[in-house]
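These notes are about the structure you will find just below.
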């Protein structure tokens with residue numbers, strides 16, 4: 001039996017609180033059960049050097065965990081003097097995922113930075129970051145249009161992500177930490193609103209998984225992500 005008696009295909013209780021901070025062009029507190037991530041979108045004029053003069057924008061991301069977002073305190077990476085490999089991998093994933101949602105040519109020479117700070121971790125922090133940052137990004141783009149800095153909204157559609165895995169032989173959606181740590185197979189799936197895949201990251205931690213199990217996990221992820229899309233739309237319409 002899963003924690004909180006969730007069904008195998010069920011996403012944890014999901015909340016997206018917009019305008020959570022007052023300074024950023026977009027800010028969202030996203031909560032998947034006990035996982036809580038603050039996602040902010042910052043708009044700046046100009047682009048990285050490698051894009052100058054090309055008439056297109058850029059979307060990048062940074063990810064971090066508060067020292068006591070986990071069971072025991074982890075030192076800040078700033079205190080260590082460098083970011084860890086996991087952090088770099090996750091923030092690149094967030095940036096890639098959100099760039100897929102935007103027509104960078106229509107964005108013009110603006111850079112949008114998505115900062116995802118984990119306040120409390122209970123599994124699925126990278127997928128929660130993507131789903132929350134998408135809403136923060138949508139708010140930031142809407143403000144660019146409303147201010148007259150952009151003629152049309154360059155957002156092509158929503159992006160959401162969820163974790164799936166096989167735990168004790170059963171395929172489960174949106175893994176909590178206790179499930180993730182015991183999973184035989186762990187997978188993160190990122191999708192566009194139209195159903196196309198942006199990224200699939202899957203690893204067999206113990207027993208290798210079959211082709212049929214892979215397809216079952218992707219179907220499970222699709223259903224969970226559809227629930228997240230509905231929550232994103234409801235938040236943006238509120």
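The backbone N, Cα and C atoms fix where each Cβ goes, and this holds for glycine too.
Matching 86, 99 to the phosphate binding residues that Swiss-Prot gives (124, 125, 126) identifies 86. Within 8 Å of the centroid defined by the CB atoms of 86, 124, 125, 126, the record's phosphate site, lie the Cβ atoms of 63, 90, 118, 121, 123, 127, 128, 129, excluding the listed residues themselves.
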